[in-house]
């Protein structure tokens with residue numbers, strides 16, 4: 001007997017009444033409960049991008065290196081010499097807040113599958129994490145669980161986590177962010193896509209068995225949190241990295257045959273989304289026979305089978321007649337494998353169960369015909385007052401050295417060593433620059449002379465405070481800083497992926513933030529020649545009406561060639577000259593300093609001149625490639641003083657303890673405005689460099705050729721950070737504050753906790 005579809009059931013499926021009316025119009029009848037479940041997940045924000053798609057279409061997505069842009073499992077760019085890179089970034093925010101270890105672990109698993117589905121072997125991962133106020137009772141619990149989940153899954157897969165960023169802000173108290181990025185390498189002429197082509201071709205299920213975990217995960221990821229958050233724990237998937245490792249190796253072996261026509265990861269919305277999307281891309285229909293799906297639990301219904309988000313599963317369209325070849329390879333790797341359907345010419349998506357059709361839907365309304373909203377937009381009403389804020393009226397700290405120590409201890413600025421020590425960043429020995437620097441650099445793990453000198457630079461980042469105060473400018477800063485980080489290691493930016501994390505799009509101010517950030521990313525990408533080739537949107541990041549800062553995370557990929565000629569972030573040799581490429585403006589709007597010292601999050605983000613930015617980057621990139629520099633470090637959170645301090649102490653400690661993990665410096669800074677503003681302001685387009693004295697004249701000439709200003713500041717040496725007329729602090733004290741920032745958060749939690757998982 002068919003269950004009646006009531007307004008309550010429609011609402012439980014996350015559908016608006018007007019959306020249900022559209023379903024009735026598409027079908028000309030009442031849907032079954034199973035069909036309603038299919039529409040629910042396919043029309044969720046997570047799968048349909050119904051609020052964001054109209055804005056995303058404005059991104060630049062093509063370029064001379066782009067082999068695959070948005071719309072597939074991952075973007076692909078040409079690295080030259082027959083080699084390509086596939087990469088993407090995705091969010092797993094809502095699951096990670098509910099169940100931090102499994103939420104983060106399965107986020108890593110999902111992004112790895114997106115990349116190797118394209119035919120690529122993953123070689124490097126990064127992540128961008130956001131947590132609440134360090135003093136919030138849940139922050140330490142989430143931090144420990146998320147980091148353990150990322151490390152646990154990635155380490156078992158043998159894919160190094162080579163970098164990333166972690167930041168803390170009260171807006172994330174009820175909604176942490178876990179954005180995972182993976183890059184893989186593949187032959188440029190062997191890209192696999194998620195398409196159901198070839199009428200009559202078999203549809204095959206490969207991987208782990210299907211259980212009840214994760215049902216309606218996509219719908220949950222498209223809703224705000226409330227007091228019932230803990231009840232959503234069953235919608236979080238459970239990952240098995242060892243199964244995923246088998247799946248990875250089996251897929252890569254299958255790609256060496258002629259058996260694979262199309263392949264798609266079963267991620268959000270599971271078998272439903274993967275099969276519908278493949279049918280949509282192929283312009284065909286699909287018949288699924290759910291009796292053939294390998295099941296882990298007894299008594300599962302068609303509804304549960306279709307909407308399960310059990311992990312480590314792939315849907316594959318094989319060439320007709322190649323079923324046994326696929327089966328033999330999958331069984332060799334101890335994977336479940338079954339023919340569960342056929343490609344049809346009907347243009348319809350049908351699910352069969354025990355001889356009956358339990359779902360019969362047209363493909364188009366589930367894909368391109370899904371709702372597309374032009375939601376109302378309006379600037380945030382608080383912005384005029386925030387922009388009018390005058391920082392000049394604030395008192396200047398009596399002790400600038402003490403202010404620097406406090407900034408260095410802020411978890412957003414402090415050393416992330418506690419985090420990356422839990423990740424295996426040395427597996428496969430691909431790292432050319434260790435974690436903790438501006439950008440990760442990985443060698444291409446391929447045995448070919450033409451590739452031996454190629455490396456890839458990777459950077460992720462965004463400043464959510466900037467994006468709140470000025471979404472357009474803040475998003476441009478995100479792209480510019482990633483490009484600047486890549487320039488610091490001698491890389492040439494190629495392309496970006498993004499992960500756009502926002503609050504409730506039904507609020508006009510949130511939709512305005514989103515649209516402005518998209519516009520900012522697009523304009524900056526056009527300026528840098530870095531098309532957007534993949535990405536993800538995560539909306540409804542709110543808890544009981546409180547939204548996060550707009551957080552459009554950017555992940556950028558650059559080419560480093562030759563990879564032997566790169567650069568580190570830390571001062572190297574006593575006597576080296578220290579210089580600033582860029583200028584001194586003392587812009588503190590939206591800065592970490594303003595928040596830390598004065599409790600203010602106001603003003604405007606620093607101005608950004610893209611022509612100046614490109615000149616600064618080109619100067620440093622060319623200097624690195626010419627071997628002129630000992631170090632190069634981007635000035636960002638905390639400003640010039642923090643950049644100087646980090647350059648003094650971001651050293652690996654020698655195993656024999658023969659020298660300390662720091663070196664001092666003495667500089668003289670011209671102060672055009674207040675000293676604290678110049679020291680801690682986060683002016684754009686600045687890179688701190690050090691270089692041997694004999695290279696100084698050549699470097700200044702190079703900067704003039706590129707049109708970038710250079711200010712000579714001082715020299716490396718000693719055991720103190722000395723800024724003439726401002727501060728003098730032992731580097732050992734700076735290092736102690738900097739290294740203890742995150743461990744202090746965990747100690748505070750342990751001291752007053754006594755419970756494993758605070759409510």
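Going from the start of the chain as shown, residues are counted 1 onward.
Glycine is treated like the rest: Cβ placed from N, Cα and C.
Database features (Swiss-Prot):
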- 46: active site (ACT_SITE)
- 49, 88, 498, 535: ATP binding site (BINDING)
- 90, 536: Mg(2+) 1 binding site (BINDING)
- 91, 92, 93, 94, 113, 237, 309, 310, 311, 538: substrate binding site (BINDING)
- 92: active site, proton acceptor (ACT_SITE)
- 114, 265: Mg(2+) 2 binding site (BINDING)
Neighbours of 49, 88, 498, 535 excl. site residues, C-beta within 8 Å of centre, ATP: 56, 70, 89, 90, 497, 499, 500, 532, 534, 536, 537
Binding residues 91, 92, 93, 94, 113, 237, 309, 310, 311, 538 (substrate) - maximum C-alpha distance in whole Å: 20
Cα-to-Cα gap, residue 498 (ATP binding site) vs residue 113 (substrate binding site), nearest whole Å: 17
Long-range Cβ environment of the residue listed as 'active site, proton acceptor', under 8 Å and at least 6 residues apart: 103, 104, 106, 107, 110, 178, 180
Closest of 49, 113, 114, 265, 535 to residue 90 (Mg(2+) 1 binding site), Cα positions, binding-site residues only: 535
Distance check against residue 88 (ATP binding site) for the recorded positions 46, 114, 265, 309, 311, keeping those with Cα within 10 Å: 114
Using Cα positions only, nearest of the binding-site residues to residue 49 (ATP binding site) (91, 265, 311): 91
For the recorded positions 46, 91, 114, 498, the one whose C-beta sees the most other C-beta atoms within 10 angstroms: 498
Residues 49, 88, 498, 535 [recorded ATP binders]: greatest CA to CA distance in Å: 17
Neighbouring binding-site residues, C-alpha within 10 angstroms of residue 91 (substrate binding site) - of 114, 265, 536: 536
Same chain, 6+ residues apart, C-beta under 8 Å of the C-beta of residue 265 (Mg(2+) 2 binding site), given in sequence order: 73, 110, 113, 114, 117, 194, 274, 313, 314, 315
Collapsed DSSP category at residue 92 (active site, proton acceptor): coil
